[in-house]
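Beneath this line is the structure, given in structure tokens, with notes to follow.
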Amino acid sequence: PTFQAEINFKSPFAYWTLGIVSVILTILADAGNLINLFVLTRRHMRSTMTTLLVTLAYADLVPPTVVSINSILFYHCLPKMEISSTFLTSHNISKHLFNSLANIFTTFSNWMIVLITTFRLIVVKKPLLAKNYCNRRTARYAIISIFILSFFVNLPLFLFTSIQLYCTGDGITYYGLQRSSILMTKVFSRLYYPLMVSISLLIPWLICFFIWLFLIRALKIAQKQLQKKNIKTTFSNDRKQDTFFRITLMIVCVLSVYMVCRSAHLVEVIHILFQNYFPASQLYFTIIRVRILCISNIMLTINHGAYF
């Protein structure tokens, strides 16, 4: 970030949201995901759904953790070690690498939600088709494909071509990674960033929204069947129907949390894209952008830890 951006990130609002609240939420989120992994990886818990949920728990461990490490370094370590050239160099490099890593796993987490809800939608709408396709083998292939997509979509963020020398106001020199000049061009920023945002966030959010509508309708139908205890139901007994209702309800809750929490992130990236197309407004929106980013970061951390 530029010196002006660092001043905005040192505001009391940014300090309390990114430096305190977000770090506390990350600890709780990581604890919840570790408990998820402890329970869901037991031998008797193996199934297609648990395979997907375990992968989602692993994906949700990375983004809040690496972002909080950056926040701890910036808000709690940097003021005490800003005269250390070694620390400044390490912090500058880790900041770029950790943020890029967080983007990869955030994209991966978004598409994992799509995969989980798609599997559930097939089970609800086409139960016979689900027996052939919604299995652990298909889930593994889909997980690998999603991770490859997430990696290549965010690969340009790792295009560091040189090492740059920086100097603080006190005359302390340190080094940092310099991204390729291609990433700084207007053509690239107006083509790549909208594409990255669409693939990593906008398309998964829209897919989840439409699946959420279908599952809400399926829940209403299942609830009526539970109340009437209709003998003509496609389920062999009430227990299976109750299980169907509870699992579908769980997926609906996951989708609801996802859409609410990611909405703040969606507003943030739309705001960034607006600045790319209207650069004259960048200075005016700098403070607003920082506050949107802080709120978005908290909502994303809640989202990564809410599935517990």
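Numbers run from 1 along the shown chain.
Cβ coordinates come from backbone N, Cα and C, glycine included.
It should be emphasised that the depicted structure is a prediction, and the values quoted were computed from it without experimental measurement.
Feature annotation from TrEMBL assigns domain 'G-protein coupled receptors family 1 profile' to 32-307.
Positions annotated as transmembrane segment by TrEMBL: 13-40 (among others).
The feature transmembrane segment is assigned by TrEMBL to 52-76 (among others).
Marked as transmembrane segment by TrEMBL: 96-122 (among others).
What TrEMBL lists as transmembrane segment is 143-166 (among others).
Beyond its flanks by at least six residues, the transmembrane segment (191-222) meets 103, 106-107, 110-111, 113-114, 117-118, 120-121, 124-125, 149-150, 153-154, 156, 183, 241, 244-245, 248-249, 251-252, 255-256, 258-259, 262-263, 265-266, 269, 272-273, 276 of its own chain at Cβ-Cβ distances under 8 Å. Per TrEMBL, the feature transmembrane segment maps to 191-222 (among others).
Residues or ranges marked as transmembrane segment by TrEMBL: 243-261 (among others). Among residues of the same chain six or more beyond the transmembrane segment (243-261), those with a C-beta under 8 A of the stretch's C-beta atoms are 49, 113, 116-117, 120, 124, 205, 208-209, 211-212, 215-216, 218-219, 222-223, 226, 235, 299-300, 302-303, 306-307.
The transmembrane segment annotation in TrEMBL covers 281-302 (among others).
Confidence for the domain 'G-protein coupled receptors family 1 profile' (32-307), expressed as mean pLDDT, is 82.
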